[in-house]
Amino acid sequence: MHYMKPPQVNLTIVHNSKVKTNFSVPATARKNKTMVTVVEEVDHLPIYDLDPKLEEFKDHFNYRIKRYLDQKCLIEKHEGGLEEFSKGYLKFGINTVDGATIYREWAPAAQEAQLIGEFNNWNGAKHKMEKDKFGIWSIKISHVNGKPAIPHNSKVKFRFRHGGGAWVDRIPAWIRYATFDASKFGAPYDGVHWDPPACERYVFKHPRPPKPDAPRIYEAHVGMSGEEPEVSTYREFADNVLPRIRANNYNTVQLMAIMEHSYYASFGYHVTNFFAVSSRSGTPEDLKYLVDKAHSLGLRVLMDVVHSHASNNVTDGLNGYDVGQNTHESYFHTGDRGYHKLWDSRLFNYANWEVLRFLLSNLRYWMDEFMFDGFRFDGVTSMLYHHHGINKGFTGNYKEYFSLDTDVDAIVYMMLANHLMHKLLPEATIVAEDVSGMPVLCRPVDEGGVGFDFRLAMAIPDRWIDYLKNKEDRKWSMSEIVQTLTNRRYTEKCIAYAESHDQSIVGDKTIAFILMDKEMYTGMSDLQPASPTINRGIALQKMIHFITMALGGDGYLNFMGNEFGHPEWIDFPREGNNWSYDKCRRQWSLVDTDHLRYKVVPKYINYMNAFDQAMNALEEEFSFLSSSKQIVSDMNEKDKVIVFERGDLVFVFNFHPNKTYKGYKVGCDLPGKYRVALDSDALVFGGHGRVGHDVDHFTSPEGMPGVPETNFNNRPNSFKVLSPPRTCVAYYRVDEDREELRRGGAVASGKIVTEYIDVEATSGETISGGWKGSEKDDCGKKGMKFVFRSSDEDCK
């Protein structure tokens, strides 16, 4: 059939000259739809203005943007647009429509099909399904006495006969809940029809919080979030853990392992049922309670979504629908292309019409039904390339990114997905887990990019692990640290993180555990002097996380427990540990025990945890992560000092093991008076209180105005500071015109000791995030007070 270009295409066109390309522009559609092309004038894309080197690969970009437009226009023509197309969960699976239950399933390889379950005693003879020309099976079952024939919370399965003649039972692909008999070892999952009556459905009470300028993300796994050696629930997480996250001044929660996965130890990355909430931690209504509770605390919620691959399981996973048919009739590619050899999982055919419907609808389902505020896409590198990044190093050569190795089908899917999500929810936050650094991954689709908002800065944790495991402190390179932290593409945003959740798994160690190892068991009591190992460990834990936040990206991420240096590792229940949950939990009691260095008086203050709380609050106040101003003025290899400006703050990091620098000269932009904003050496953070916070640091001009080469480290002004070893201090410029310190200055200073905590807390002026300002402290000195807030207070 002939297909006309739609009247409006959301693509910025700069020039009108017609493109010339040797690439064909196919679009995969259903069998009865003709392959068509959309002729668009895309000779010049905005991404070429950002990076002229990309224009060398114009043919590649023209090809993929045309593929995207072609697919988008086909969907508009035959499905009414992406928004309608992505409502597949209202059509497929089990739904109630006009006094009847309708079930649809795409299974073109099936020769016969039935719906079976507890409702018909697992006998499908009276519930045979019909197949249309697109391979979609359906059945309509009228209500009985005004009630659905398939009761809520009853088990169901899809039974079909394939070409080999055998009948097989599978969990419906679009099932919204799946459970197993926990009393039976290795019991298979059953699909469960989830359609609670109105009185049992959770109703959201709180609106989505506004999108922050910079996300400060707390990555969490609900199942292992409790103290007890068991699987924790969504409601327990909502009531017990969310207040802790809020108290530490994070603004976003990222939830792992939400989509159902039969293998618990997969960390949720081997998904079996894409529309089903993981039943280990509760029901769909329980998860809605969690998201709503987060919103009530001002926390946005992102979900780990796994569209890069699917579990290899047959009996309870999507792979069960692959019975040897060709790739056009399957969710997955056939042959070697359909398997990820390292992950032992199946790989989607992103060019398939029904696969696109399934995955796009999956995103919309979680966003609409559960009010998620965005997603973190797992395994994006695997999606971007046919080689999946296996045994492949990326040097930054653009030919590594734009070649025949590039999986354009997958890229077109991600462009469609990002366009859809930002159209449905303009304030959505979409993060890509990509280690390759593909250019324009995080530029808008209408510029020629893939459309993600952020990518994870995955090289940063690798650098820290390499240093901690393989280099003595004195051999750390300041320039190498800075290069790793700042090596990101201009105009493409990154989420920085110091350590990944993978480092917490058995066989590896967190940063705190590498630094302090066995002394975390014996040396963390505040009732005895700290050993050199503990002093070094706590100091570097704070420094590594703070410089990663301040210099490493446009957002920050921390994995659950690392904020207070959680000891030991994560070991999911398995045969090798006798199916124990002992190390598959978070020991919050370490934070809540007063005499441990995880904890100091007053209650809820922990050296490392308090510093994590303070650096998040500092970012909340000064918004340095969202600032485009980032200037590194000093990387002194001899002194082991790094000095940089980010936003309105000046940061001084002294990594030297034992040298204190008095009167250390620090370059800055604006003249005036500077004071301490945050000091890792403050007593309340387990430091030694060596930096004075009642000291005014006045600047001196450097060189000739407007002539950088005559300045000090190319900065027009400077001031002098005291810099003890293994400390980091952030300074802010005092606004003299206001005749008071900028709200938020001198945060958690050395003057803040026990009696200063919660000063004037009853005045009603406590700021969300823990900031309180006053013109004078109890010593009569001008300053600011940092109010530590407990998780209990956030719930009041």
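Note that Cβ sites are derived from N, Cα and C of the backbone, with glycine treated the same way.
Caution: TrEMBL annotation is automatic and unverified by curators.
The following features are taken from TrEMBL:
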- 230-597: domain 'Glycosyl hydrolase family 13 catalytic' (DOMAIN)
- Asp378: active site, nucleophile (ACT_SITE)
- Glu433: active site, proton donor (ACT_SITE)
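Recorded residues Glu433 (active site, proton donor) and the residue listed as 'active site, nucleophile' have their alpha carbons 5 Å apart, per Cα-Cα distance.
Here the Cβ of Asp378 (active site, nucleophile) has 22 other Cβ atoms within 10 Å, regardless of which shown protein chain they belong to. Looking just at the domain 'Glycosyl hydrolase family 13 catalytic' (230-597), the mean pLDDT is 93. Its own atom aside, the Cβ of the residue listed as 'active site, proton donor' has 20 Cβ atoms within 10 angstroms in the protein chains shown.
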